[in-house]
Amino acid sequence: MARKYAKRSKSRPRTARRSPKSRSRPRSRAPRRKAPSRPRIQRVNPVRRPMNSTAAQSLAIYRNPFSHSPGQPKIPDGKAIMSIGSKVQVSAQLLNKASGDDILHVFLYPGLTQGMVVFGDSKEQGTRGFTAYGYNDHMTYDASSVYNAGTGADGNIESNDNINEWRLVSQGLKLSLLNTDEENDGWFECVRYKDALRANEFAFYSGDNLEQTTATVFGPDITFGSTLLTKNLVNSPTYVSGALEDIDKYEFKLQAQSEQHDFKRIPDRWYTEHGVDTVTVSGVNDYVTLQADTAQAHSIHNSLVDDSFDAVYIRIHCRTNSGAGATTGSKLLAHLVSNQELVYDEDQNEHKFMTQAAMAKAEFMKANEMARKSQVGADMIGNVRSGVRSQRRPR
């Protein structure tokens, strides 16, 4: 059988068969020029310097008056180079008195000599109408010359301490019900009080209901209480109410009104030239009320009250207290804490104990802004813990 294909000649060289794809490519070409690439921008996270430990401790106390931070209570805003941080406290039992409407009125305010007055307490004596809880061994005033001079007379109110300047760092109150489960009925309501505290609503009087005119404190008097006790609270945007048995879940804290916390300068004495409105001398009822719209009254008020903070008013609706049997009222344990920053003159003995204040103004401004934003809500009268929510209006 004849072969179908002729035998390939050996003299002709065999070439490799190219694929159709390879045939279309040119045998030689110039190298492709790459387009210039843009420089790659690498994002670098900013490196934050760690905050000074002393400043962090001070901010912890500024945010929470009950903080267990080991540092001194100071505001790290750079307004004081050297100062002393002081923490003063009051622990007392509150009980609604047998005669009355079974309501305890607790008012917290940013004061130097004391920070809480209670209306309707069983410890009221005489006709004063309220109980004053002053800080023990902390900034009292000798008003004996004014007491002896009488109403409208001249006299000196002298300081018993050597504090030159002061300002409030933080202040708060905790309340705990001491009654048993069978006697824990009752409720409370509270609001923030941001109105300007007028000077004529304050007075010098003896603290802790003691009869003394040489060591008085400065705080709200009965005139201020008479206008507040009957005020309708429910329409306030900061209104909060709750069961009395859950009051220990709340921390009532004064909030800053601005980021400016200026020091209050305290003179050694005030000369009250016709600046005394009322002088009542009757046992524990001793008090000196200042006249309204006088230079002395405004000077004293501006020096002893830090108006950069607001106030808190708590109205507690207690059990009936008949004084006998099972109706013995509502007993509450009050724990008040006031953190203050103090400055002394060079000639005072306390001056050598002053320490350098920390500086963290940016962190302080941020903490202050967050605190002021949080107080807008009605439930921010204090920190609500353990899942207990307040009875508040819907937003």
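The backbone N, Cα and C atoms fix where each Cβ goes, and this holds for glycine too.
Given the ranges 2-9, 242-249, 298-305, 370-377, the record in Swiss-Prot names 2-9 as motif 'Nuclear localization signal'.
If you average pLDDT over the motif 'Nuclear localization signal' (2-9) in this model, you get 55.
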